[in-house]
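Taken verbatim from TrEMBL:
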- 10-107: domain 'RNase III' (DOMAIN)
- Asp16: active site (ACT_SITE)
Amino acid sequence: MEIVTENATSLAWIGDAVMTLRIREELLKEGYRKADVLQKKSARICSAKGQAHLLDQLMAENFFNEDEQTILARGRNATIHSKAKNADVGTYLKATALESVLGYLYLYHHEKRLQECLDKLAAAGKEL
């Protein structure tokens, strides 16, 4: 594993953007066109609650490799200075963990693995 110099919240910040963009692309591909519907569906998947649920699913499948599990732990243990909207702290930290992994994969150019994760999240997100 490379030496990751970014803190977990910085990784999560970019990871959130990466996931949100992919989910929005998927919604458009599925044929949704109305902005209010797109926003509601995207928010349900990309919310802290949605991301925490998706993380639980992937963890149950042992989806993450050892390096990714290290990043997940950093995300779950992050010090959060903002209050989560509509989520408890545990849920928010799970979401931060998932976003951190996506940010790590994106910033460190693990494109193939990032696409695997995003594909899995997009497919699972359809169930939410």
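Positions of Cβ are set from backbone N, Cα and C atoms, glycine also.
Just so you know, TrEMBL annotations never went through curation; they're auto-generated.
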Task: For Asp16 (active site), the three-state class that DSSP assigns - done: helix
Task: For the domain 'RNase III' (10-107), the mean pLDDT of the predicted model - done: 95
TODO: Please list, for the domain 'RNase III' (10-107), how many residues fall into helix, strand and coil according to DSSP.
DONE: 75 helix, 0 strand, 23 coil
